[in-house]
Amino acid sequence: MPPSVSAFQAAYIGIEVLIALVSVPGNVLVIWAVKVNQALRDATFCFIVSLAVADVAVGALVIPLAILINIGPQTYFHTCLMVACPVLILTQSSILALLAIAVDRYLRVKIPLRYKTVVTPRRAAVAIAGCWILSFVVGLTPMFGWNNLSVVEREWAANGSTGELVIKCEFEKVISMEYMVYFNFFVWVLPPLLLMVLIYLEVFYLIRKQLNKKVSASSGDPQKYYGKELKIAKSLALILFLFALSWLPLHILNCITLFCPSCHKPSILTYIAIFLTHGNSAMNPIVYAFRIQKFRVTFLKIWNDHFRCQPTPPVDEDLPEERPDD
């Protein structure tokens, strides 16, 4: 008999479904926009597509699995482990995509004349593939043995249970907090976030320096070139800020769980932290729509062409990156 769902769980499921219904179409729209608009085909937007793919998977895969774990079905240990690992893979993919975007924007302002020879489509594709491979390695590490199997087995034996190991599927029951804090957070989340902050600070410094010196760095007006770079860098730094704001609370709670086992964590805080992490996947398309004009215009064109059946003129590929008053 399936476990019953309480009113609180029903509210949780409702919020998760709402997040998924915003995240999946929004990020599909991002991928669609890059496909139809040639002006969105440079390396930065390829990395944005990789980020959008991870966010689509959060809405289509991770949220349903999170709902399943919240209900708490009885499963085999490794079945539960497989249910818990996708969120680790997709989180790591998002972090590495954000890091790739930051490095790309740095190269655009550091070596503008050589940028297109250094950051080629082939190298961008290799970087994206490398990010995903590394994400799978990091996210699947619990499947390779760094998990709570030995702890659960001891509890199973202490209770006098026999037969195959069956547990109530919960994230913290199968995923080791040592893995989540020492390996996942201290190695693969916090250092990349700090590195990205430093990169964006350097990007803003270089742009301001060039705008003040008015040194020509492209075939066009340097003021226009670096002005556009400044605006797009602000938008992408906002994406990074929202990611950190969404994910750090849950990692801080994990640190409390590991370093202060006796400390009481109100369940409502855990739920809010989970909502923030899942909700982050729905934020990026909204930021693109309001902050980057090429995305905004392309979104409207897709809407008019395919949903309102009112074809619009072709997208102007020379549109400025942002609104002048952004």
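Here the Cβ of each residue, glycine as well, is placed from N, Cα and C on the backbone.
Just so you know, TrEMBL annotations never went through curation; they're auto-generated.
Remember, predicted model here, so these are calculated numbers, not experimental data.
Per TrEMBL, the feature domain 'G-protein coupled receptors family 1 profile' maps to 26-288.
Under the heading transmembrane segment, TrEMBL lists 12-33 (among others). Tertiary neighbourhood of the transmembrane segment (12-33): same-chain residues 5, 40, 48-49, 52-53, 55-56, 58-60, 63-64, 66-67, 70, 271, 275, 278-279, 281-282, 284-286, 288, 295, 298-299, 302, selected by CB-CB distance under 8 Å and a gap of 6+ residues from either end.
For 45-69 (among others), the entry in TrEMBL reads transmembrane segment.
Panel annotation: around the transmembrane segment (75-103), residues 44, 47-48, 50-51, 54-55, 57-58, 61-62, 65-66, 68-69, 127-128, 131-132, 134-136, 138-140, 142-143, 147, 149, 152, 164-167, 169-171, 173-175, 184, 188-189, 192-193, 195-196, 199-200, 203, 236, 239-240, 243, 247, 277 of the same chain, lying at least six beyond its termini, place a Cβ under 8 Å from a Cβ of the stretch. The transmembrane segment feature in TrEMBL is assigned to 75-103 (among others).
Sequence-distant contacts of the transmembrane segment (124-146) (same chain, six or more residues past either end, CB-CB distance under 8 Å): 43, 46-47, 50, 78, 81-82, 84-93, 96-97, 100, 104, 174-176, 178-179, 183-184, 188. Among the features that TrEMBL reports, transmembrane segment is placed at 124-146 (among others).
TrEMBL lists 185-207 (among others) with the feature transmembrane segment.
Sequence-remote contacts of a segment are chain residues at least 6 beyond its ends whose Cβ falls under 8 Å from one of its Cβ atoms, and for the transmembrane segment (236-259) they are 44, 91, 94-95, 98, 101-102, 105, 172, 177-178, 180-181, 185, 189-190, 193, 196-197, 200, 265, 269-270, 272-274, 276-277, 279-280, 283-284, 287, 291. According to TrEMBL, the feature transmembrane segment maps to 236-259 (among others).
Annotation source TrEMBL lists transmembrane segment at 271-290 (among others). Taking Cβ pairs closer than 8 Å, the transmembrane segment (271-290) reaches residues 12, 15-16, 19-20, 22-23, 26-27, 29-30, 48, 51-52, 54-56, 58-59, 62-63, 66, 87, 91, 235, 238-239, 242-243, 245-247, 249-250, 253, 296, 299 in its own chain, all 6 or more past its ends.
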